[in-house]
Amino acid sequence: MFQLPGWNWHFPMFQLPGWTGQSSTPEVEKRSTCDQCDERLFCNCSSRNYRHVPTVTVTEVVTLDLSFNDITSVAEDDLREYTWLRTLDLHSNRIQSIHEWAFHLLQGLESLDMSYNQLAALNPAWFSKLLSLQHLNLLGSCYRTLGPGGTSLTRLRFLRFGNPALEEVRRGDLAGVRQLDQLEVYGNNLKRYDPGSLGDLWPLGVVTLRLRGPFQDNTTLVSSILRDVSYSETFLVVADVLLSEKTSVAPFRETNRRRVRSIMFQNATLTDEAIVHFMEVMNVYKFTSFLPVGFLLKNLRQISIINCKVYVMPCLTSLLLTQMVYLDLSGNLLTDLTLTESLCHGIGILRNLRVINVSDNALKSISLISKLVTRLDKLVHLDISQNAYTSMPHTCSWPQILTHLNLSRAKLRRVTPCLPSTLEILDLGHNDLTAFHSVALPALRELHLSGNKLMSLPPGWLFPSLEVLLIQSNTLSMFGPSNLRLYRRLRALQAGQNRFVCSCEFVNFMVWRWGGAVEGSVELTDRWDNYLCDSPLSLQGQRVDRVQLSPFQCHRILLVSSLCGCMLASGILFVILLWKIHAVWYVRMMWAWLKAKRNSGNQKRRDAAGNAYLLCYDAFVSYSEQDAEWVEEFLVPELEDSQPPLSLCLHKRDFLPGHWIIDNIIHAMERSRRTLFVLSEHFVHSEWCRYELDFSHFRLFDGDSEAAVLVLLEPISKDDVPKRFCKLRKLMSSRTYLEWPQEDERRAEFWSNLRLAVRGGDEL
């Protein structure tokens with residue numbers, strides 16, 4: 001028999017669709033604009049602090065969500081621009097008044113949610129033009145009655161109404177409503193119900209009744225309601241009730257008379273006495289143990305005992321459940337020991353079981369569970385989530401056709417080959433997994449890994465059949481084509497809420513691949529809001545699709561290479577330029593000149609310490625060796641034998657042996673008043689003459705423009721002088737130079753002018 005402490009049955013709370021509670025938000029200006037509309041003509045204007053119905057940025061809106069704002073009223077013209085609306089959600093605002101014509105232009109509206117506002121009364125004029133309305137939610141608010149009916153809501157199929165303040169439902173309140181697929185009535189404090197008020201609604205699919213107060217104080221009222229809504233095809237849900245006495249169960253006689261086949265209790269508390277009377281009312285034999293009614297248990301196919309503090313289902317009871325295919329014992333107090341008793345020590349009694357749910361209990365051993373179910377040959381779905389597992393054994397034995405396994409919300413740190421290879425759906429979400437590798441699951445189609453600590457996608461080659469992968473809320477830094485390519489059949493991926501490193505590769509991959517397939521046929525099925533950058537710090541918190549990275553960040557190597565290439569090219573161009581302007585020559589000559597000057601200075605200091613320093617020569621003669629005959633036969637006799645005689649420095653005669661030739665040239669120029677250049681074609685092409693010309697050029701830069709005397713032994717143009725000798729070329733252009741005459745009668749004048757130039761006479 002079931003061991004139910006206190007025999008109080010508790011069933012799960014019925015969750016109101018779309019209800020998440022109210023929010024308190026600051027006020028905003030009237031007729032704000034909502035710009036959160038997408039291509040499906042859906043405008044999500046929820047939770048934006050609007051005080052009035054806003055305008056939108058698109059025309060022909062089909063769905064408008066205004067829930068969780070601070071709207072206090074709906075004026076006549078507020079919805080005039082929304083004539084194409086099919087769905088309007090106004091729940092969880094502070095609406096106190098609605099103009100009677102506010103909805104008149106919404107003749108195509110199919111769904112209207114006005115729940116959880118502050119309406120003190122309902123006006124049937126609101127709905128008079130809503131001929132297409134199929135869904136209407138009026139839960140919450142503070143109206144005491146539904147008000148007069150008469151509206152033609154003939155297409156209405158889903159209706160929810162009631163609140164803690166509702167006191168009466170009168171006949172005619174729902175006039176115009178013919179049939180409903182779902183009806184929900186919240187009347188915990190209902191005091192009056194006119195019989196037949198809900199009697200005209202047929203057929204009725206699902207009816208949910210929340211009548212806690214009437215079940216305690218006015219069972220006649222409850223009987224009237226049950227009489228009106230009970231049909232053989234109706235699925236009846238009784239929620240939020242306390243059945244503690246025989247009288248509280250009496251109204252269910254009406255459901256038995258109408259042969260209602262399905263009754264579900266949600267968030268209900270039943271005492272032992274109430275259960276017995278309920279079974280009597282429903283024509284079930286009185287019993288205190290399940291064993292005497294074993295013939296009933298043998299025909300049960302589905303059993304759900306949820307959140308009832310059950311700690312064991314004895315094996316004797318399990319032996320009676322020979323036809324059971326579905327067993328849900330979630331949210332109870334089962335341990336490894338008591339589950340062993342409930343499953344009869346794994347001897348395989350419950351051979352028809354296909355689904356077992358023992359989630360949210362106090363189980364600790366995966367190995368034990370695998371042994372208990374291994375003989376259940378038909379088991380395909382096993383939910384053992386929300387238990388206290390901390391490890392997974394290396395090997396396990398499972399049923400041969402197990403395809404669904406839920407191990408989520410435990411404390412597992414790693415996975416092992418214990419997982420059955422037959423799995424098609426595996427949920428390991430919200431554990432402490434840091435890696436998923438070396439476990440091949442060839443048949444797996446759907447894998448849930450959200451809420452772990454995974455740093456990368458599992459290797460795709462382990463799951464050749466995988467189609468859906470959920471890996472949100474982990475520590476992934478990035479993923480790309482190389483990862484997804486390994487998943488041969490993957491079509492849906494959810495990877496948001498991770499710690500993404502917004503590198504150029506990742507951002508480019510995500511942004512340019514979005515809108516169709518990410519890689520091949522893989523589609524990201526979660527929202528962009530879930531894809532935020534975690535690093536670098538400058539981008540932290542930004543949506544990946546809105547990140548703008550500079551070319552330098554994305555192509556750093558290319559830019560550096562290009563920069564180096566530009567610098568190299570600039571360097572080459574610079575070298576070519578230096579070569580063109582003879583910079584090397586200038587540097588080389590400057591160095592030699594400075595060296596020679598330093599040596600000359602040292603020599604002068606030594607002379608100053610001893611004898612007075614004097615110029616030894618009137619002129620240093622620079623000439624080509626091919627012109628030596630002219631110098632020795634004509635120039636030297638004419639100048640040195642003149643009156644007064646001139647002293648000439650000739651390299652053959654006066655250079656000091658053993659000294660560096662450059663030093664000799666500089667030394668000779670420093671000790672000569674003039675440098676006499678015997679210019680000819682031989683001179684221009686003579687290496688040593690060019691050296692002498694070079695140093696003379698630097699001497700000219702020292703400011704002594706009279707130091708050079710030019711003698712043209714044969715006609716030569718200044719263009720024949722190298723371009724780097726810019727000073728000498730300028731002198732040849734601006735000063736008169738001496739040219740050796742071929743006629744004998746002009747030579748006397750030539751020598752006279754030359755002597756005068758060497759002695760430092762006026763410019764010729």
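Glycine is treated like the rest: Cβ placed from N, Cα and C.
Source: prediction; values computed, not measured.
Features as listed in TrEMBL:
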- CYS37-CYS43: disulfide bond (DISULFID)
- CYS315-CYS344: disulfide bond (DISULFID)
- CYS396-CYS418: disulfide bond (DISULFID)
- 615-758: domain 'TIR' (DOMAIN)
- 557-579: transmembrane segment (TRANSMEM)
Winner by Cβ contact number (other Cβ atoms within 10 Å) across the disulfide-bonded residues CYS37, CYS43, CYS315, CYS344, CYS418: CYS43
Mean of the pLDDT scores, which run from 0 to 100, over the domain 'TIR' (615-758): 77
Closest of CYS315, CYS344, CYS396, CYS418 to CYS43 (disulfide bond), Cα positions, disulfide-bonded residues only: CYS418
Long-range Cβ environment of CYS396 (disulfide bond), under 8 Å and at least 6 residues apart: ILE366, SER367, SER370, CYS418, LEU419, PRO420
Cα distance (Å, whole number) from CYS344 (disulfide bond) to CYS37 (disulfide bond): 57
